[in-house]
Amino acid sequence: MQDFLLGNHSSLTEFILLGFSGNTKINVILFSVFLFLYLVTLLGNGLIITLICKDSRLHTPMYFFLSVLSILDMGYITTTVPQMLVHLVSKKKTISYVGCVAQMYIFLMLGITESWLFAIMAYDRYVAICHSLRYNVIMSPLLCGLMVAFCGFWGTSCALIYTVSAMILPYCGPNEINHFFCEVPAVLKLACADTSLNDQVDFILGFILLLVPLSLIIIVYINIFAAILRIRSSQGRLKAFSTCASHITVVTMFSIPCMVMYMRPGSKASPEEDKKLALFYNVISAFLNPIIYSLRNKDVKRAFLKVTGWGNAPK
C-alpha cells in the first residue's frame, strides 16, 4: 500500500507538522486548552447520542440527523486533535506519508458528509414547519436512511478526488507542513509542481460541496420564513423560528470558514490564517454543536433528566 501511494511521485516518506509555536510554555498552555475542548466535545456529542438512543421521544428524524451530526463531529475532531496534542508536548512532530494521506482523506470525507448533512437537516425543518401534518409520512425511516447514505456517498467519493489530486503531485522537499494536520492547501504548498490545476479542482469541488448545499439551505429557509410569517400567533412564530436558529448558527460557523479555506487560490493563503480557520470549523464547531443544540432544547433537557434520574422532568 505504501509503495503504491509513494510510487514515483514523491521522494518523501514523512512530513513534519510545524503546528502553532516553538515556545514550550505556549505549547503547554495550548495542550491544556485543546485537551479540554477535545474531551468536552467527546463528552457533549457522546451524551447527545446516548440520550437520543435511550429516550424513545427523541426517536424522530430531527434527532436522528442530530445523532449522525454528533458522530461525524466526534470522528472529525478525533482525526486531527489527538495527534496535535502529542505534537504539542513532543519534540518529534512527524507524520508518515501514508499517515498524511489517510488523515487528509478521513478529514475530508467527514467534513464533506457533514456539509451535505446540514442541507438535509434544513429540509427536515422545512417539512416539519411547512408540512407538519404529513411530517411523519414524508420523513420516513427509509427516506432518512437514504438521505444519510447520500451524504456519505458524496463524502467518500469527493474526498477521494481531493486526496488523489493532491497526493499524485511530486513532493521532493522541503517536508515541513506549516499546519497542525495534513490539510490539502497546506500540503500543496510543498509540491514540486504547478498547483494551478489543483486550485481549479478545489474551486469546482468547493462550489459543488459547499456553495450548492448552502444555496439549498438558503432557499429552504426563505420558504420556512415565509411560512413562519403566515403564522398568526406570535408565540407560534417564535417557537417555529427557535427550531431553526440552532441549525442556522451551526451552518454559518462551519460553512463560511470552509469556503474561505478551500475556494480561494493557494497563492493567497496565509499559513497562520489557515490554522485559525481550520481550528474554527474543525475544533470550535464540533465543540459548540452539542451546546447550541441542547441549551435551549427542552426535549434534550427532559431526556437528560429522565436518563440520569436527576429530579422530575419539566413539563
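Note that Cβ sites are derived from N, Cα and C of the backbone, with glycine treated the same way.
Just so you know, TrEMBL annotations never went through curation; they're auto-generated.
Bear in mind that the values here come from a model prediction, so they are computed numbers and not experimental data.
Database features (TrEMBL):
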type: DOMAIN; residues: 44-293; note: domain 'G-protein coupled receptors family 1 profile'
type: TRANSMEM; residues: 28-51; note: transmembrane segment
type: TRANSMEM; residues: 63-85; note: transmembrane segment
type: TRANSMEM; residues: 105-123; note: transmembrane segment
type: TRANSMEM; residues: 135-162; note: transmembrane segment
type: TRANSMEM; residues: 203-228; note: transmembrane segment
type: TRANSMEM; residues: 240-263; note: transmembrane segment
type: TRANSMEM; residues: 278-295; note: transmembrane segment
| said: Which residues of the chain, 6 or more past the ends of the transmembrane segment (240-263), have a CB below 8 A from one of its CBs? | reply: 111, 114-115, 118, 121-122, 125, 128-129, 183-185, 202-203, 205-207, 210-211, 213-214, 217, 221, 224, 227-228, 231, 269, 274, 277-278, 280-281, 284-285, 288-289, 292-293, 296-297
| request: Would you report the average pLDDT that the model assigns to the domain 'G-protein coupled receptors family 1 profile' (44-293)? | output: 86
| Maximum Cβ pairs under 8 Å to the transmembrane segment (105-123) - stretch from the list 28-51, 135-162, 203-228, 278-295 | 135-162
| said: At a C-beta cut-off of under 8 Å, are there same-chain residues at least 6 beyond the transmembrane segment (28-51) that contact it? List them, or none. | reply: 20-21, 58, 66-67, 70-71, 73-74, 77-78, 81-82, 84-85, 88-89, 283-284, 286-287, 289-291, 293-294, 300, 303-304, 307
